[in-house]
Amino acid sequence: MSNVTVIGTQWGDEGKGKIVDWLASRADIVVRFQGGHNAGHTLVVGDQVYKLSLLPSGLVRGKIGVIGNGVVVDPKALMTEIDRVTAQGLVVTPETLWIAENAPLILPVHGALDRAREAARGEHKIGTTGRGIGPAYEDKVARRAIRICDLAEPETLDWKLDELLLHHNTLLAGLGAETFTKEQLKDFLTEITPRLLPFSCQVWDRLDEARRAGRRILFEGAQAVMLDVDHGTYPYVTSSNTVAAVAASGSGVSPSSVGFVLGIAKAYTTRVGEGPFPTELHDQTGRTLGERGHEFGTVTGRPRRCGWFDAVLIRRAVRVGGVSGIALTKLDVLDGLDEISICVGYELDGQKTETFPSAPGAQSRVKPVYETMPGWKETTAGARSWAELPAQAIKYVRRIEELIEAPVTLLSTSPERDDTILMRDPFED
Ligand code: IMP
């Protein structure tokens, strides 16, 4: 028996919600280890629809939810989410939700700076969610973040706020944006402290205890490898590492606790925000994928850019992300297409290459080299076994496995939880 870590292998929105929900029902504890409320997924349980950004999905299944130290926590967004799911009947208490006391906070200055900087970037904007994620991570690394444990020490807060404001107000003023007073931030913190502090604890210690007791832990990644701050399409990325290795450092457990790494990949590709996307389709096929796949951002509602499956990028995500097996989602969106293409390499400045370059200029110049296969007319939606899949769809999945050098261990054929073909149970690995 193993723990399981779920990560996205493309640019996010691969349909993690359904897979994580299915796995969460088999886990004891579900841990978020990076990102913040820039993530978003929708869980459908019975007649209830839960929209989660920051809370670990396991809470919906009555499991313990953990927010690790690698997450940046917007306390207002967290409380709003807790209030919303509580109104829907979930019970969120310090017994069911553990938040790392060493997690950094997202404060109103961070969102303001994120948005002011995006506005100033003009055509080079990143297309962030505007939620202060980048500035909050910058403060953590610069050692000026306010962490949850600081809320219990008014004398620490006092000097940390001075340092924080000196930095942020200088930047905000330079960008022509409104600055903040110490009183404003103090009022904000005074309001959230009594609600937030009771949830905070030494998460690493409790997870260690859980490990000794043989409890199953599911680590729930947010965003995806191509948005990783080191391995993604920098600078068009998020501000955290999204690879599976971070499940350990972002929650305070041993690297060996990460367990089976399940990488989620959509049967085609989507991206929200700006940045390179070699297989993006600007034609009717791209629009068809977007319409059929309901490709609109969960957090911002922005339409997602759509394109063919890029096997080169996913092979890279498999390697750097430490992926043991792939959960392939939304295969049914390809039903009925005459032909389906897979990107198997690139052309860069007239040269063939199988490597995605690192510099942004070269990344935006690469042209995909496609392998095209016939599509299938039958529907794959709702299939629950290989036998129910058209032969051509099976060929497509098998070709993907060869190209990305990883097995497809789970196949999702509709948003319904049971419309899943399981080849290998990751918890039993
Ligand atoms: P940030 O994380 O808000 O700084 O945004 C940086 C980039 O990551 C932007 O392109 C966002 O659209 C993208 N991004 C952040 N979170 C998600 C997500 O959960 N799904 C898809 N894209 C995301």
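Each Cβ is built from the backbone N, Cα and C atoms, and glycine gets one as well.
Annotated GTP binding site per TrEMBL: 12-18, 40-42, Arg304, 330-332, 412-414, in sequence order. TrEMBL lists Asp13, Glu14, Gly15, Lys16, Asn38, Ala39, Gly40, His41, Thr129, Arg143, Gln223, Thr238, Arg302 with the feature IMP binding site. The Mg(2+) binding site feature in TrEMBL is assigned to Asp13, Gly40. Annotation source TrEMBL lists active site, proton acceptor at Asp13. Marked as active site, proton donor by TrEMBL: His41. Annotation comment: TrEMBL describes Lys140 as active site. Feature annotation from TrEMBL assigns substrate binding site to Thr298, Val299, Thr300, Gly301, Arg302, Pro303, Arg304.
Locations of recorded TrEMBL features on the structure.
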residue : record                 : DSSP (3 states)
Gly15   : GTP binding site       : coil
Asn38   : IMP binding site       : coil
Thr129  : IMP binding site       : coil
Lys140  : active site            : helix
Gln223  : IMP binding site       : coil
Thr298  : substrate binding site : coil
Pro303  : substrate binding site : strand
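Proximity of the binding-site residues Asp13, Thr129, Arg304 to ligand 1, judged by a Cβ distance under 6 angstroms to any of its atoms, singles out Asp13, Thr129 in sequence order. Spatial neighbours are here defined as Cα atoms within 10 angstroms of one another, and by that definition the neighbours of Gly12 (GTP binding site) among the binding-site residues Gln223, Thr300, Pro303 are Gln223.
When the binding-site residues Thr129, Thr298, Thr413 are compared by the number of other CB atoms within 10 angstroms of each CB, Thr298 has the fewest.
When the C-alpha distances from the residue listed as 'active site, proton donor' to the binding-site residues Asp13, Arg304, Thr413 are tabulated, the minimum falls on Asp13.
In terms of Cα spacing, the recorded positions Lys140, Thr300, Arg304, Thr413 that come within 10 Å of Asp13 (IMP binding site) are Arg304. Cβ crowding, taken as the number of other Cβ atoms within 10 Å, peaks at Gly12 among the recorded positions Gly12, Asp13, His41, Thr42, Arg304. Per Cα geometry, Thr42 is the residue among the binding-site residues Lys18, Thr42, Leu331 nearest to Thr129 (IMP binding site).
Rounded to a whole number, the C-alpha distance linking Thr298 (substrate binding site) with Gly40 (IMP binding site) is 6 angstrom. Counting other Cβ atoms within 10 Å of each Cβ, the recorded positions Lys18, Lys140, Arg302 show the lowest value at Arg302. Among the binding-site residues Gln223, Arg302, Pro303, Arg304, the residue whose Cα lies closest in space to that of Gly15 (GTP binding site) is Gln223.
Counting only the Cα atoms, the space from Val299 (substrate binding site) to Gly40 (IMP binding site) is about 6 angstrom. Of the residues the record lists as binding IMP, namely Asp13, Glu14, Gly15, Lys16, Asn38, Ala39, Gly40, His41, Thr129, Arg143, Gln223, Thr238, Arg302, the two whose Cα atoms sit farthest apart are 35 Å from each other.
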